[in-house]
């Protein structure tokens with residue numbers, strides 16, 4: 001009785017009545033009106049009565065063809081509608097509508113009887129019902145009413161299905177609208193994703209730079225990789241031995257396999273341990289770098305507390321053949337901590353012969369007290385002197401400009417302090433070779449922390465305000481007049497000497513060879529105080545450049561050792577003879593440059609706006625080593641002889657003025 005299992009066919013009615021039109025219009029899909037549905041069999045019979053009368057008496061039965069409209073498929077969506085939705089909402093929305101239609105419950109279709117075919121009357125009890133006689137119009141009417149009722153029920157079912165499809169269509173259109181909104185959202189998200197992609201490309205460039213930096217850091221661990229490769233070779237050799245034993249001794253196969261598996265486990269353990277050691281090494285490298293930076297900061301703070309301008313006084317010992325000075329001529333009072341503290345004060349006792357009386361009374365003694373950062377008595381050794389300045393040499397390695405002077409009269413031991421004594425005795429080596437040895441040893445230690453350093457040395461002298469290259473050899477020798485002090489670049493503050501040799505050094509032997517060459521080329525003359533007196537200022541400069549490649553840190557500074565010419569006044573240093581005028585001109589140039597040095601230091605101490613660096617070639621060359629970002633140390637060398645008391649007193653007074661100066665805080669030159 002289910003109307004969906006098949007569509008009713010045309011009803012065959014045997015009789016003499018022929019209906020000229022079907023009971024239901026073929027083009028109509030709407031149900032019959034309620035007034036017609038509510039008619040009973042009698043009313044239907046009355047409606048058909050005229051035809052009954054006309055058809056009575058006809059013998060031949062007539063087939064009544066009743067056709068029903070073919071219903072469209074209920075489970076399909078019109079293609080034009082789907083295309084319109086697809087055009088409005090895009091490919092994603094059309095895909096969604098297809099998904100909705102796909103997941104809808106299939107609506108059973110009603111088979112439509114083709115015109116001209118007869119409907120099969122229902123079977124009762126599995127038997128085909130007998131045909132009604134042509135004169136049984138009431139029975140035929142009942143059959144038609146039953147069939148009409150079935151059609152009405154089927155029409156209601158189709159209306160419900162139509163309503164469901166319309167609801168589904170509205171849902172699909174709503175989903176299409178939602179998907180259109182979602183499409184706009186996705187397009188905005190696509191633009192944002194493209195912006196993020198561009199940002200990702202920029203980050204990729206940054207990561208590429210980071211990769212290059214990490215590759216540079218990878219070089220610092222090559223030593224560890226080599227050790228691991230060596231261990232790997234040893235393990236491979238062990239493995240080959242085990243393999244040969246396995247081939248030769250069949251009966252010990254299982255024992256050898258156990259040993260091999262044990263060896264493999266040991267290799268894995270060693271590799272894991274190596275990875276752990278590598279991580280620990282990197283962690284310790286970070287810690288060592290931090291400690292090194294902290295050490296440099298504390299070291300510089302300590303040097304600042306000691307003062308960026310310091311003055312040491314050194315008294316040379318009495319040489320063979322010289323008279324022994326009086327016992328009270330030079331005194332060295334103990335420090336605040338007693339005799340164990342290094343001396344920092346010096347007292348010079350001088351007898352004023354001009355104040356003697358005619359009665360031959362003893363002349364009064366005048367005591368002059370001086371205080372310095374450190375006083376070295378005549379018995380002080382070279383290593384003891386260098387120990388006091390080694391901290392300044394370390395500051396130069398840390399990136400702070402350092403300048404060390406040796407000031408004093410001729411014959412007071414300035415050159416001995418700077419370069420050392422003759423003969424190549426290691427105990428007599430001066431500050432320059434000891435400083436270079438100290439730098440080379442410290443650099444070797446720092447290389448394990450990732451630091452690399454390079455050193456470039458130069459050695460010039462300033463004679464009568466003329467710069468000469470002491471490292472000149474061959475045809476360049478004697479061409480000091482061609483050397484000029486110039487800036488390294490248009491915007492650079494660094495000064496350089498044109499036509500001077502700048503020699504890279506990496507060991508002590510190279511430095512010693514340079515010192516011997518400079519000693520031979522330096523201008524000297526015989527004076528009353530010294531058989532071979534230096535008549536020029538010698539300036540040894542070492543340019544230090546350091547770099548920590550893995551961290552991108554660079555530092556650079558210049559370490560200068562200046563052996564000043566004799567500071568004596570005009571009369572004591574002259575020897576009468578043909579060269580008197582030349583010696584006089586040398587002395588005037590020396591005293592003028594030393595006076596300018598004092599003025600520059602005083603101007604820096606007073607923070608004056610103009611510092612007269614250019615008044616002298618010496619101060620102009622040392623300009624970057626005397627300013628507020630530099631550390632300066634002056635050795636005042638004095639003679640222990642009473643006959644040199646006047647020059648000694650002048651030297652001590654000059655050094656005392658320098659010791660009272662204070663310049664700004666030093667700053668490291670780092671990039």
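Note that Cβ sites are derived from N, Cα and C of the backbone, with glycine treated the same way.
These numbers come from a predicted model, not from an experiment.
Among the features that TrEMBL reports, ATP binding site is placed at 408, 409, 410, 411, 412, 413, 414, 415. Cβ neighbour count for residue 415 (ATP binding site) (all protein chains, 10 Å cutoff from its Cβ): 22.
Per TrEMBL, the feature coiled coil maps to 155-308.
Residues annotated as domain 'Kinesin motor' in TrEMBL: 308-661.
Annotated region 'Disordered' per TrEMBL: 27-73 (among others), in sequence order.
The feature region 'Disordered' is assigned by TrEMBL to 324-363 (among others).
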Checklist entry - What is the average pLDDT across the coiled coil (155-308)? => result 85
Item to check | Candidate with the highest Cβ count within 10 Å, taken from the binding-site residues 408, 411, 413 | outcome: 408
Checklist outcome for this item: So residue 412 (ATP binding site), by the Cβ count within 10 Å over all chains shown, scores 30
